[in-house]
Ligand SMILES: *[C@@H]1O[C@H](CO)[C@@H](O)[C@H](O)[C@H]1NC(C)=O
Ligand SMILES: *[C@@H]1O[C@H](CO)[C@@H](O)[C@H](O)[C@H]1NC(C)=O
Ligand SMILES: *[C@@H]1O[C@H](CO)[C@@H](O)[C@H](O)[C@H]1NC(C)=O
Ligand SMILES: *[C@@H]1O[C@H](CO)[C@@H](O)[C@H](O)[C@H]1NC(C)=O
Ligand SMILES: *[C@@H]1O[C@H](CO)[C@@H](O)[C@H](O)[C@H]1NC(C)=O
């Protein structure tokens, strides 16, 4: 017996190893930066000869395994290699790193929001215009700035992308409008100034694109790319709404006159529903980012990430963004939707703006009335006209005979018994399966509607979806009350009232339960996320080649749709960065990030500290420096600046050495990066960091006083406590010393982080930064 067992084990262990050794995969060979002395042809020849030398084949042979030769800023290439070839390449001096492409490593992080942010003047319930005047006017609505969108493409016919009245394409623009399936140069205009697509990595893995699944062109068959692009730079379109007229109003992007450049690098996965996933290969994304840098964008918005964060040298987005920073291009990325568990952030590099998601002050109220008269506040955007009582059933009591009790109540595909469900309203619980898929299952089984109850993990957060039948969403607490009612009577009944839009909901913002949380697990001495922005129930343009639920069985077509995710938060920050770029042409990307962060708000529209989805106080691990406040960001007073060489020196300290960059003798570790926030992990006794602020306020003479709210158990001192400036552009340095107050602290916080705030105030500007400290 034992021997058999043993040989069986050997068999299963050996097979994958053998397969792995001979398996040819795509690898990205990263060689640092281009020195600018070679032409594009010379670069490709160099990459080919590099490749042919390691493969010991001629250049023509090498050409067949070369997918991309990156020529603009990022020096490197993507090629099909064996693990042995990749390993030999990684040992060469000129090679900075070799990244193995992984098919499912990256995916997309699936109009009230701007008014809520105060960009719309008086209408914003929470505006602070008085302080710095109309940002949009000052930034001329983003005129002259170009934002690159790395995503699933664009639906160019959307009214949001009209170029009526726009200025001509900037002369410096070098992008193209790439022709493809149902897309040609006529689809670009002064709004959509560029459109390209990248799928060599995708096709190398999945084979030729199935053109029923996706367009072989920049055209969007998903909706996500159209949504994010229109959130950044959509034109003002009056009287739009999602299905059934819910949330009717004017849709517009944050920077309505920016130019948009579309880089499609995310595609549908064969055999996988669009609701469940999509994929973005990093060799394709790197080609997109390298082109965006070459084309001359000012900002790149990337609502894409990994589930597990990667070290910088193995993270295509981080490396591409590093080169963008070198060209002074701001890169905004979503933090990920893997919250509320700690340590779930992606896109952690310090040259990236990492963006979490929170709610806005608009809800779509669709109350539920139970047969016993109890009223429950649900939320919905699904059109619904009937106003009568229906029988109510819990999905766990309506299972098909062949379905195990294990998943009961979740309305998973093919789990319901039509005999029990027909004509009734069904209570389904979140957990496994997609929200829209649950509605589809109730519809399949003949239900009249459904109530989507949150599970314990979702708490009180309500996401509105364009369900395929009448529906309303309720909190976990309310789902339990409805369940108790069903158990209390033999013939439960329910009425769902049609949804109406409620504005100025309080409290708002509240952190989204799904938003990924710190701590940063790549560098525990950099606080991430950086900032939070609206990412729940965001209305924006949609692809007319996809249904609002993304379900294939859903035949509906919409021009505008609701989506939730850090994907939706990211373009809000990208747009604001574009407005700042329009006003402050010379600012570095670090200065723009600093301005966004230090002017962010930490309190909600009730004047209380922003809370987390579960009701507790939101910490900087959810919130970053706070909630985006565009109006304030244009006039931050002081900025924490940093340059590309600081980042390059920081990479040197991690052993990632660009051969053309002279690493400094002194190590630049993360605590020296002049970041606009502070994280110290495993503090033992006392630690001091130096920070430098630059005066960018309008006044020459100004005088800033420091303020500190130390984390419980710590002493924090800022020296000097007063900074005097006599001209704009002047820099002043100060130190922050953090000291453990007493030995009891360890017993209280254990291995957790404690949070505090510090900053500067001159009577006009409040320059706030969060801090997070843990003990050794
Ligand atoms: C392409 O996708 C469609 C839709 O999923 C499917 O019906 C078809 O069989 C696929 N074609 C190929 C060649 O795989
Ligand atoms: C908005 O659109 C709806 C539906 O198309 C229409 O009934 C309504 O009159 C429009 N409202 C305005 C103000 O244009
Ligand atoms: C149960 O049976 C139905 C009809 O026979 C089938 O379509 C469905 O897939 C089955 N469900 C499960 C979970 O096996
Ligand atoms: C979801 O499915 C997984 C795997 O089948 C299971 O382990 C988990 O308990 C399920 N979660 C819920 C909430 O049912
Ligand atoms: C803290 O520092 C002291 C003295 O510098 C050292 O003896 C001790 O081992 C350190 N503790 C930890 C947990 O690193």
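Placement of Cβ uses the backbone N, Cα and C atoms for every residue, glycine included.
Model, not experiment: these values are computed from the prediction.
Here's what TrEMBL has on this protein:
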- 1-19: signal peptide (SIGNAL)
- 26-105: domain 'Inhibitor I9' (DOMAIN)
- 142-624: domain 'Peptidase S8/S53' (DOMAIN)
- 390-481: domain 'PA' (DOMAIN)
- Message: Looking only at the domain 'Inhibitor I9' (26-105), how are its residues distributed among DSSP helix, strand and coil?
- Response: 31 helix, 25 strand, 24 coil
- Its residues classified by DSSP, the domain 'PA' (390-481) shows 26 helix, 21 strand, 45 coil
- Message: Over the span of the domain 'Inhibitor I9' (26-105), how high is the average pLDDT in this prediction?
- Response: 92
